[in-house]
């Protein structure tokens, strides 16, 4: 059911997406009217959360059934005895699915309002509470303990610290304010905790903040699919070329039973530290993370590699995951994207540089998986077509197995 507007995009970006989506091949198969209907459906789906919250079980430390039992108890506590079904994905045995309840239309809106930024609003729709940095505005007399209605400022027009806002805002549900308006906007840098604890959200979804952190990893379903398609085997040497924050890296290591070597690269140091922290938390020892630019990961001189650190000699890896930086237009929920067309289309050159490096680092007969979290033709199908034409030693293969991705 669609209760929010479709994703808010600049007209130039929406027209660009539509032109790619309604290409000659699609229109010839579906017809123009049906293609247009499917495109509009896509834009509405993007602004709504998926039908399921997905979590990946860290099978390196515990069995799926054991974690499923622990999670059931945790959710019972979180929702005061309300029973949430926990389903095991039929094809991805280490993935658990928790249905999202909503949209819930009988929530009474309160006179006391809190306005949050669009990114914060997206997180709330996935089960998060409202943290202080995400709060843009609060009603004049709001006190700690007040019941408040939370709204997302999807256009980014609300001024920080405003006492009221009459612009475009989307109702996300009700909660209890943890702090007063004065405390929230005191500008104290240490105020980073929960500002509003959501009690009655439009979409009811579990919060996984510190829930079984060594056993569970909150991960979007397509992200979990990627590592299964890569199909890493124990003893292999694997490269995750753009690895932060480490969800796929740690998944690869777990699928290998932590036997072998997983090299993770990212060029931002604090993101690399996050990868290391996740590996430690999940008890995985086969991961080595480096702060390094993936476009420079190929060693140009042929001096023997002795230290195992980047850059690497050609044909060094059995399998490579290139989860490339992208425009991110496939992330859900996403109520608004303010990017210009220039920004949306800026990733293709970088993706091609990374593709070229990855192909050189792959052993003969090795497997390279390319993935993004966007819906643009230019960053997906066109990139694969370019790689097959430009890098002739690559061959397109069917996925190792058919995987049914749960829609919603």
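Here the Cβ of each residue, glycine as well, is placed from N, Cα and C on the backbone.
Keep in mind that TrEMBL annotations are predicted by a computer and have not been checked by a curator.
Over in TrEMBL, the protein carries these features:
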type	residues	note
ACT_SITE	373	active site, nucleophile
BINDING	242, 243, 244, 245, 246, 247, 248, 266, 293, 323	S-adenosyl-L-methionine binding site
DOMAIN	141-408	domain 'SAM-dependent MTase RsmB/NOP-type'
Rounded Cα separation (Å) that holds between residue 246 (S-adenosyl-L-methionine binding site) and the residue listed as 'active site, nucleophile': 15
Averaged pLDDT, computed only over the residues in the domain 'SAM-dependent MTase RsmB/NOP-type' (141-408): 93
Other CB atoms within 10 A, centred on residue 244 (S-adenosyl-L-methionine binding site): 22
Among the S-adenosyl-L-methionine-binding set 242, 243, 244, 245, 246, 247, 248, 266, 293, 323, as the record gives it, the longest Cα-Cα distance in Å: 19
Those recorded positions listed as 242, 246, 248, 293, 373, and which of them has the most Cβ atoms within 10 Å of its own Cβ: 246
